[in-house]
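Peer 1: Pulled from Swiss-Prot, these are the listed features:
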- K30, R44, Y56, Y140: substrate binding site (BINDING)
- D66, D71, D103: Mg(2+) 1 binding site (BINDING)
- D71: Mg(2+) 2 binding site (BINDING)
Amino acid sequence: MSIDLSRIPAQPKPGVVNVLVEIAGGSRNKYEFDKEMKVFALDRVLYSAVVYPYDYGFIPNTLADDGDPLDGLVMMDEPTFPGCVIPARPIGMLEMIDSGDRDEKILCVPVDDPRYAEVKSLKDIAPHRLEEIAEFFRTYKNLQKKVTEILGWQDVDAVQPLVEKCIKAYKG
């Protein structure tokens, strides 16, 4: 199965992004989309005894400062699968440094899940849940001897300008 990223809009409508899942929540397997083969390939298995807290992937047709598409993490009660496109509402972002590069993780909720209908910003998420997410990204590369640094959370107002910037950067 080949995936044509050009057919997946980054932002199908205002306030919504498409997140293409690379890694299902609860998994240690780190898949990445191979642009040449247009399929998902196993990049590595996490070295640590941790799992991705939620479905993790990227917003197609964006280009972030680290040279990759903008990362997205979608809070869901059930994991999906690599290759699933989730229309998602951004609610904030985790700013971090990964291997010396700035790296933002856009935290989203699924548009089509009524359990998250009232979740509009980070203020609607328990602070402990946000700490769990930050802790995952703070420590998931420790046994690889790679350094990540958490800079902090930014609320929903900071997300749209970044998404627009990354769409523009992708278009060149």
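Cβ coordinates are placed from backbone N, Cα and C, and glycine is handled just like the others.
Note that the structure is a prediction, hence the values are computed from the model and not measured.
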Peer 1: Taking the Cβ of K30 (substrate binding site) as the centre, count every other Cβ atom within 10 Å, in any protein chain shown.
Peer 2: 15
Peer 1: With the cut-off set at 10 Å between Cβ atoms, which of these binding-site residues ends up with the most neighbours? Options: D66, D71, D103.
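Peer 2: Its Cβ has the most other Cβ atoms within 10 Å: D71.
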Peer 1: What Cα-Cα separation, expressed in whole Å, is found between Y56 (substrate binding site) and D71 (Mg(2+) 1 binding site)?
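Peer 2: Roughly 8 Å, rounded to the nearest whole number.
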Peer 1: Just to be sure I understand the packing, how many Cβ atoms besides its own are within 10 Å of the Cβ of Y56 (substrate binding site)?
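Peer 2: For Y56 (substrate binding site), the count of other Cβ atoms within 10 Å is 23.
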Peer 1: Return the residues near Y140 (substrate binding site) by Cβ distance under 8 Å, restricted to its own chain and a separation of at least 6 in sequence.
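Peer 2: The answer is L46, S48, V50, T148.
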Peer 1: Would you kindly give the Cα-Cα distance separating K30 (substrate binding site) and D103 (Mg(2+) 1 binding site), rounded to the nearest Å?
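Peer 2: So the Cα of K30 (substrate binding site) lies 17 Å away from that of D103 (Mg(2+) 1 binding site).
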